[in-house]
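Pulled the feature table from TrEMBL, pasting it below:
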type     : residues : note
COMPBIAS : 139-154  : compositional bias 'Basic and acidic residues'
DOMAIN   : 1-106    : domain 'BAP29/BAP31 transmembrane'
DOMAIN   : 153-205  : domain 'Bap31/Bap29 cytoplasmic coiled-coil'
REGION   : 130-154  : region 'Disordered'
TRANSMEM : 15-34    : transmembrane segment
TRANSMEM : 74-91    : transmembrane segment
Amino acid sequence: RWQKIFMFPLWSKVAVFWNKMFLTTIVLLIVLFLDAVREVRKYSSVHVNEKAANVNSSAFDHIQMKLFRSQRNLYLSGFSLFLWLVLRRTVTLLTQLAKEMTSHAALETQVNDATEAAKKYMAENERLQEALSGKGNAKKKESTHATEEKLKEEVEHLKAELQKTSNAFHKAKTEVAAVKKQSEGLRREYDHLMKEFEQLQVGGSGLPYKHCV
């Protein structure tokens with residue numbers, strides 16, 4: 001299914017700019033995250049100082065609103081940055097999985113062809129052994145035996161490559177499942193935080209600084 005999706009011509013055009021787009025988005029999210037951290041530290045210190053100074057309630061509420069906004073931006077930018085990295089890792093694993101599946105199918109075809117060729121040569125060798133005799137037969141027998149051993153070695157080598165590719169395929173499939181499960185957990189946590197954020201907005205709608213929002 002993923003192979004059919006990624007076979008669309010649109011992806012081949014987007015893939016050229018994928019790395020640039022990824023790096024640009026990462027830099028933007030990092031800048032937003034650092035700015036949110038700075039805002040949180042700034043308004044946290046001001047919040048403590050204003051609370052200790054016992055200033056009027058409107059100024060204190062305004063500072064509290066700014067602190068709440070900066071904390072909200074910190075959570076949103078942090079989760080967006082993390083989810084973007086998870087998305088990049090997921091796409092990379094899907095690409096590796098598609099390549100391993102293609103390589104796995106090609107190696108299976110090679111192993112089947114080599115096995116059929118080995119059976120054919122072994123049948124011809126048996127016919128030659130029955131038809132020939134004497135010294136000339138002995139020399140040809142050694143030649144056919146060497147050919148048979150060479151074919152056996154090639155078949156064993158292809159089987160080893162197939163097993164290696166199969167192990168890599170299962171490993172990539174396991175990683176994709178783990179990343180998918182982690183992404184689901186992050187999505188649920190993100191939805192939970194957004195619900196809390198909406199509840200905080202509803203609960204804070206009666207504050208004196210409502211006109212500032």
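Every residue gets a Cβ built from N, Cα and C, even glycine.
Fair warning: this is a prediction, and the values are worked out from it, not measured in the lab.
Thinking about packing and proximity, how do these listed features fit into the structure?
Residues 73-74, 77-78, 80-81, 84-85, 88 of the same chain lie 6 or more positions beyond the ends of the transmembrane segment (15-34) yet place their CB under 8 Å from a CB of it.
Below 8 angstroms of C-beta separation, residues 22, 25-26, 29-30, 32-33, 36-37, 39-40, 176, 179-180, 182-183, 186, 189-190, 193, 197 of the same chain, each at least six residues beyond the ends of the transmembrane segment (74-91), sit close to that stretch.
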Please list the DSSP helix, strand and coil residue counts for the domain 'BAP29/BAP31 transmembrane' (1-106).
99 helix, 0 strand, 7 coil
